[in-house]
Amino acid sequence: MVGKGAKGMLNGAVPSEATKRDQNLKRGNWGNQIEFVLTSVGYAVGLGNVWRFPYLCYRNGGGAFMFPYFIMLIFCGIPLFFMELSFGQFASQGCLGVWRISPMFKGVGYGMMVVSTYIGIYYNVVICIAFYYFFSSMTHVLPWAYCNNPWNTRDCAGVLDASNLTNGSRPAALPSNLSHLLNHSLQRTSPSEEYWRLYVLKLSGDIGNFGEVRLPLLGCLGVSWVVVFLCLIRGVKSSGKVVYFTATFPYVVLTILFVRGVTLEGAFTGIMYYLTPQWDKILEAKVWGDAASQIFYSLGCAWGGLITMASYNKFHNNCYRDSVIISITNCATSVYAGFVIFSILGFMASHLGVDVSRVADHGPGLAFVAYPEALTLLPISPLWSLLFFFMLILLGLGTQFCLLETLVTAIVDEVGNEWILQKKTYVTLGVAVAGFLLGIPLTSQAGIYWLLLMDNYAASFSLVVISCIMCVAIMYIYGEHSSLRPPVTRPLARPLCLVGLLTPPLSRAPELLPGHPDDAGIPTAPLLSDLLALRLSCHHLPPGSGPPPPPPESSSLRVAPGAECAPPPAPTARGSAEA
């Protein structure tokens, strides 16, 4: 016969409570579970699925990259995704508040905030470029369709300019041998790539030459931040309604582009380059590191967003089911987008007569070079261009919503009083204004260099390190909480908070030493962010401070209305996360 206390545990409650309330009246919950799933899909499926995964795939051996990628998904991605959802759902707190289970690891929560801040700043700059292309598409002829624009060079050769080799300057009749020589000796570029580099960015020569702020990009950056703020003006209550459209419409456009892409000449070559494995690459540690980093980047593990979104779930939601659905949907979207990308790259390579790996730029340039070139081939190309860049905007906004909500929720939960709960809209506005101001340097002529540098710092191996520390804290520290005593935890408090703050910059330090180029070949500046992180961490805890003594065993971690929040005995994953 089951006793009263055991019945409470079976219902997801701790011994101090007979039952557990399913809703959090103080913080609020999602309107329904579909809103949470769609928001999480929108958070995970972002711009990185379009430009980051295909780039990593062809850099790391084509189809051979799929093997470490899915290994990391099964053994790292899904378990960590489930752990973070369970963690946030059980505690009903943001990425800072959840560390009441072990205060000495609160630096990990700050590390998540630093990562989300980095990504949120440059991510909205990518969205603003998509806005710029969206507005530029409101014309009869796309500006990157031909090579007859003032910014084009003599090396430009467009898909629609098949008869023009050097911007229309070649005579009408050339000897066949001379024409053949010119075709193989001149370095030709597409009009979309010149539009991206020479007109949109007006790219400077190096990272230190900022040049001028591109006012059109600055205006689009303001528009993107205003849209993000308006969609989050009521928190998850308003963003939960927006995702019904932002999380589903991109798949419609991707399918249209896929059907068009596979009908182009050379598409099969590009897809085979995508799928043909180079097995020797698997023996390289960097390939496995890139696979792990992409899983963390794509799923959003260690960003703090999963914990934040799950904290608004009802207590007995089946987050195990949600984690499997969202993880598989996200990774399937990455592979699907790779087919769309490589079908276009194969066509461009066939037209220019070069290898597939040479037809596109790195990073965000892939979405703004290869795709625009393909759009010029579609009937009524301005219409399809508007749809495509609108899709990019929606993909970016779905992730940006959660990044901003992560920072706002962390601040509100950390303060925790009624006043800041009532003024949450003003906190959201303040964070949005700060993000806009910090993003202004990225709209300069050297902005793309700094964008890639921030991407290398914030969204790479640092996510792996943060997740490892989080796993140790939850499984070994929180799981053995009763055996810890204050004399043991105090000496560990400062170094562990140091780790949380230093993880984003230091994890990439060996590859980003002064003068050492990063993956995109961009020379780097001295690591001032390392020194800043060190300075901040020295003041994070006053001398001799440490976590408070363990609370009475009868207290509860779960924040119920009118109840105090403190660590309970370690619950099982299924008992704490499922009904």
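Yeah, the Cβs are placed from backbone N, Cα and C, and that goes for glycine too.
TrEMBL annotations: computationally assigned, not manually curated.
Features of the protein shown, as given by TrEMBL:
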- 36-54: transmembrane segment (TRANSMEM)
- ALA44, ASN49: Na(+) 2 binding site (BINDING)
- 66-87: transmembrane segment (TRANSMEM)
- 108-135: transmembrane segment (TRANSMEM)
- CYS147-CYS156: disulfide bond (DISULFID)
- 215-236: transmembrane segment (TRANSMEM)
- 248-275: transmembrane segment (TRANSMEM)
- 295-312: transmembrane segment (TRANSMEM)
- 324-349: transmembrane segment (TRANSMEM)
- 383-404: transmembrane segment (TRANSMEM)
- 425-451: transmembrane segment (TRANSMEM)
- 457-478: transmembrane segment (TRANSMEM)
- 554-565: compositional bias 'Low complexity' (COMPBIAS)
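Around the Cβ of ASN49 (Na(+) 2 binding site), the number of neighbouring Cβ atoms within 10 Å comes to 27. Comparing ASN49 (Na(+) 2 binding site) with CYS156 (disulfide bond), their Cα atoms are 29 Å apart once rounded. For the transmembrane segment (425-451), the partner stretch with the highest count of Cβ pairs under 8 angstroms, out of 36-54, 66-87, 215-236, 383-404, is 215-236. Put simply, ALA44 (Na(+) 2 binding site) is 37 Å from CYS156 (disulfide bond) when counted between their Cα atoms.
Only pairs six or more apart in sequence are counted, and the transmembrane segment (383-404) with the transmembrane segment (66-87) gives fewer than three Cβ pairs under 8 Å, not enough to call it a contact. If you look at the transmembrane segment (324-349) against the transmembrane segment (215-236), you find fewer than three C-beta pairs under 8 angstroms, all six or more positions apart, and that falls short of contact.
For the transmembrane segment (66-87), the most Cβ-contacting stretch among 36-54, 108-135, 215-236, 295-312, 457-478 is 295-312 (pairs under 8 Å). Here the transmembrane segment (108-135) has long-range neighbours at 46-47, 95-96, 98-99, 200, 216-217, 220-221, 223-225, 228, 302-305, 307, 364, 367-368, 372, 385-386, 389-390, 392-393, 396-397, 399-400, 403-404, 406-407, 410, 435-436, 438-439, 442-443, 447, 450-451, 454-455, 457-459, 462-463, 466, 469-470, 473, 496-497, 499-501, 503-504, 533, 540, meaning same-chain residues at least 6 beyond its ends whose C-beta is under 8 angstroms from one of its own.
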